[in-house]
C-alpha cells in the first residue's frame with residue numbers, strides 16, 4: 001500500500017499561479033482509495049477535452065488535495081486498446097511521461113486517473129496565443145520530449161502518435177508525453193510492427209507503406225512536430241489527410257517553408273529526423289547529442305509563454321463570467337417586469353392569503369399573490385422542473401428561464417475555465433488506427449458493487465456534454481447549474497434515450513419472435529410437402545389397383561396417345577370387353593390443350609384431373625421424378641431458411657463473444 005508523497009512545489013509567478021504552495025503530490029493511489037467508489041475519492045471540476053477513446057476531466061483528489069486528470073472511457077469502446085494504454089502508462093515512471101495513478105471500473109465506465117498538466121498541450125498554447133513558438137522555446141520543449149522518447153525506446157515501446165497535441169506542459173515548464181492510446185510494445189520475437197497507426201500528417205513513410213517499423217518511426221513524427229511548432233501546422237496540413245498518406249512516401253522529406261528564418265542547427269536537426277530510410281535515421285539518444293539540443297536553454301524561458309497562456313485563459317474566464325452575469329441581470333429585470341404586469345390581476349383574484357398555494361380545478365395549483373411568486377421545484381436527481389409563477393404549473397415553462405438565468409449568474413456556480421490536459425486539435429486531426437495489435441493487459445480495480453438495470457452515468461457528465469456540444473476544439477465553458485434551462489432539456493434527452501432503449505429491446509424481441517415464426521412456418525411448409533408426397537403415393541397405389549383390375553387399359557391408353565382417333569373406332573368393342581363405361585371419350589382439342597397447360601401448375605393449383613389422361617409410363621416417370629423435385633424444393637427452402645436465420649444467429653454469437661471478452665478482460669484486471 002502506497003501513501004501520497006508530501007512534496008513542496010514552487011510554481012512560477014503568474015497572475016493565476018500561486019508563487020509557493022505545499023501540498024501532497026500524488027505518486028500512486030493507495031489500496032484503500034482503489035477499493036472505494038471513484039466519486040468518493042475525487043471531486044470532478046470540469047471537462048478538459050477529448051483524448052483517445054474517452055473524455056478527460058479535471059478533478060481533485062480529496063485525500064491529498066492534488067489536481068489530477070481523469071479519463072472516463074465507456075466500456076463500449078475498444079477495451080483491449082484501453083487496457084493496453086493503461087499497461088504502458090503503468091510501466092512508465094519518468095518525469096517526461098505523464099504519470100499513471102490508478103484506474104477504476106465503475107459499472108459501465110472506466111476511470112483512468114493520470115497526472116494533470118495545467119499548461120495544456122503545445123498545440124493548445126499555440127492556439128490560445130495565436131502564434132507559433134520561437135526557436136529557443138522549441139529547443140527546450142524538444143529536449144524534454146527526446147528524454148521521454150529515450151525512456152520509452154530503451155524499453156522497446158513505440159508511442160506512434162507524437163505530435164504537438166500529445167506533448168503536455170505543466171506549470172513548471174516540463175514537457176511530458178501523453179496519450180498512449182495507440183502506443184505499441186516491441187518484443188524479442190517482434191523485430192518490427194506492420195500496423196498502420198498514427199495521425200496521417202505525422203506518420204512515417206515506413207508506417208504508411210506497412211513494410212515494418214520500429215522506434216525510429218517516432219523520430220520522423222518528432223521532426224514533423226518540430227515543423228508544426230515552428231510553422232503552426234504540419235507539412236501537407238492544408239490538404240486532405242488521405243491524400244497526404246499517398247504523398248508522404250512518394251515526395252522528398254519535407255522541410256521549412258521559410259528556411260531563412262531559422263538557424264542552420266535547427267534545420268539540420270529536422271533534416272536528421274526526416275530521413276526516409278529508417279536505418280539511416282537518427283535515434284533519440286543520438287539526437288540528444290545534437291548541437292541544437294545541447295544548446296537548448298533552461299525551461300525557465302518558457303515562463304513568459306506560460307504566463308501569457310494563463311492570462312488569456314483568465315481573460316476568457318472573466319469574459320464568460322461577465323457575460324453570464326449580464327445575461328442573468330437582464331433576465332431578472334425581464335422577470336420582474338412580467339411579475340409586475342401580472343401582479344394586479346393576481347391581487348384582485350387572491351387578496352386574503354398571499355403566498356398560499358390553493359387548489360384549483362383538475363388538481364392544478366395556483367398561487368395567491370405575486371409577492372411570493374417564485375418557488376423552485378426540485379425533482380429527483382436534481383432535475384430542475386422550473387419556476388412556479390402566478391399561473392401555477394401552467395406557466396412553469398415560461399418562468400423557468402428567468403429563474404435559471406438568475407441561478408446561473410452566481411459566481412460560485414461559475415468554475416474556473418481551463419483548457420488543460422488533452423484538448424482536441426483545432427483542426428480536429430484525429431488519430432487513425434488500421435489493423436490491431438495484441439498486447440498484455442494491466443491492473444485495475446473493479447468497483448461494480450451491484451449491477452444496475454440502466455447504465456449508470458454521473459449527472460455532472462450530462463452538464464459537461466451539453467456544455468461542450470458543438471465545441472470541436474475542447475474549449476471550456478462554465479458548468480450549467482441544476483437550475484439552468486438546460487436541465488429541462490437534459491430530462492427530455494434522458495426520456496428520449498429511455499424510449500430509444502425500449503425500442504431497441506422491442507426490436508430485439510421482435511427479431512426473436514420473427515425467428516420463431518419463421519421456424520414455425522418452415523415446419524408447416526415441410527408438413528405440406530410431406531402431405532403432397534403422401535397424396536401422390538396414394539394416387540399411384542390407386543392407379544396400380546385399377547390397372548391390375550383392367551389389364552387392357554394400359555394398352556388402350558398407349559394407343560390413345562399414339563392414335564387420337566382410336567378411341568372412337570374401338571368404343572363399342574371396349575364396352576363389350578367389359579371396359580368400364582366411365583372410360584373417357586376423346587376430349588375436344590381445346591380440352592386437351594387446357595389439360596396440357598395445367599400440367600405444369602398441378603401442384604400449385606391442386607388440380608390432378610390431367611393425370612387420368614397420362615400413360616402408365618408417364619405416371620411412373622412422374623412418380624419417380626416427384627421425389628427428386630421435392631428434394632430440390634426442400635433444399636431451396638432450406639437455403640432460404642438458413643439465409644434468413646444465419647445472420648440472426650451470427651449477431652447473437654457476436655454479442656455473446658463480445659460479452660465474454662469483456663468478462664475475460666475484467667477477470668484479468
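In case you wondered, yes, glycine gets a Cβ from its N, Cα and C as well.
Of the residues 187, 195, 285, Swiss-Prot records the annotation phosphothreonine for 195.
For the residues 30, 300, 371, the entry in Swiss-Prot flags phosphoserine at a single position: 30. From 18, 33, 368, 436, the position flagged in Swiss-Prot as phosphoserine is 33. Predicted-model confidence for the domain 'Protein kinase' (42-293) is 86, expressed as mean pLDDT. For the domain 'SARAH' (608-655), the number of residues in each DSSP class (helix H, G, I; strand E, B; coil) is 45 helix, 0 strand, 3 coil.
In the structure shown, the C-beta of 161 has more C-beta neighbours within 10 angstroms than that of any other entry among the recorded positions 50, 161. In this structure the C-alpha atoms belonging to residue 56 (ATP binding site) and residue 161 (active site, proton acceptor) are separated by 18 Å.
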